[in-house]
């Protein structure tokens with residue numbers, strides 16, 4: 001099993017090109033199920049979750065052509081298997097996203113209940129309730145969601161809680177429904193907006209994406225399109241925190257500053273110098289940072305997927321700060337690993353109190369989920385001596401060639417098999 005070896009102490013410097021966003025690419029890939037015509041996508045990152053999704057779509061009958069490095073063409077003119085089997089769903093919760101488009105276009109779908117990171121329960125009942133409100137007949141048997149309908153009907157759907165994948169699933173389903181669907185308490189995340197833009201390019205009629213009320217006027221059919229996936233705001237944020245922690249100067253390019261306002265604000269509060277252009281963000285730091293309180297909440301507030309990275313930053317900052325997680329349960333699994341490096345962290349319920357220490361010491365640690373593994377990489381970059389991170393397959397689910405990109409910036413990091 002692969003591991004990362006990191007020699008800490010080098011400031012990072014230079015430019016890093018940000019990859020396409022995994023959490024935007026996954027729903028956009030499933031949008032290929034909504035049309036018989038080819039969908040050509042650019043800026044698709046090379047990640048485990050992406051290849052898993054492409055394998056699932058291929059299993060269902062979508063013809064997948066990898067045109068070049070980051071382009072993929074999906075042709076869904078024939079979908080003989082309207083099913084997402086457990087073997088393909090268990091490693092990736094985003095597979096639930098095939099439910100809405102498959103049901104809307106074909107009137108039937110069978111999807112295994114999802115797996116993925118072990119953080120929180122992430123209930124799929126909001127997806128199911130929404131589709132039922134649109135007229136679907138849904139049952140759960142033997143671990144599978146069975147859904148049937150004639151043609152989905154537009155409906156007013158009020159989400160009990162903000163759900164990104166739920167909003168995306170229902171938005172795709174509503175695109176082919178008869179009549180108008182209104183999604184209230186919809187997720188406002190940039191990835192939801194990116195999916196809406198792709199669907200609009202395919203002929204969908206959608207208003208309000210990026211607000212908490214999305215209106216979808218159903219159409220008879222969608223057509224093919226060319227679309228480029230948005231930049232990964234979480235990868236961007238991770239490199240910016242790495243620059244701040246190591247006392248370096250890093251410019252992240254091919255990214256979208258307007259999707260990261262909460263993160264940029266917190267970096268400035270910590271004492272880092274942040275400059276912003278149209279498609280780049282630069283962080284310059286002495287490495288001497290102030291602790292910052294962080295509270296996760298749905299967009300546009302501070303993103304849960306940056307919580308672990310800011311906890312790592314707080315471990316070596318001056319003072320004490322609280323990190324509060326309001327989105328997912330079980331999202332402090334990195335705390336015990338950071339403690340192995342010498343961090344001073346106490347957890348009480350959904351809040352961790354982090355007291356900065358003078359230095360971290362390298363040790364062997366274990367990645368427990370995607371963002372936890374990123375925070376351990378950041379800690380390893382500043383820890384004295386060598387840090388070994390095991391189980392980095394989690395990292396490969398969400399970061400494209402992270403060790404190569406960090407090496408180009410001056411980090412001493414290598415993958416061992």
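Sequential numbering from 1, following the chain as shown.
Here the Cβ of each residue, glycine as well, is placed from N, Cα and C on the backbone.
Annotated features, as they stand in Swiss-Prot:
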ACT_SITE  117  active site, proton donor
BINDING   22, 23  phosphoenolpyruvate binding site
BINDING   93, 122, 123, 124, 125, 126, 305, 327  UDP-N-acetyl-alpha-D-glucosamine binding site
MOD_RES   117  2-(S-cysteinyl)pyruvic acid O-phosphothioketal
Pairwise Cα distance for residue 23 (phosphoenolpyruvate binding site)/residue 124 (UDP-N-acetyl-alpha-D-glucosamine binding site) [Å, integer]: 17
Within its own chain, what residues at least 6 apart in sequence put their Cβ under 8 Å from the Cβ of residue 22 (phosphoenolpyruvate binding site), listed in sequence order? 45, 47, 49, 50, 232, 397, 398
For residue 22 (phosphoenolpyruvate binding site), which of the three DSSP-derived states applies: helix, strand, or coil? helix
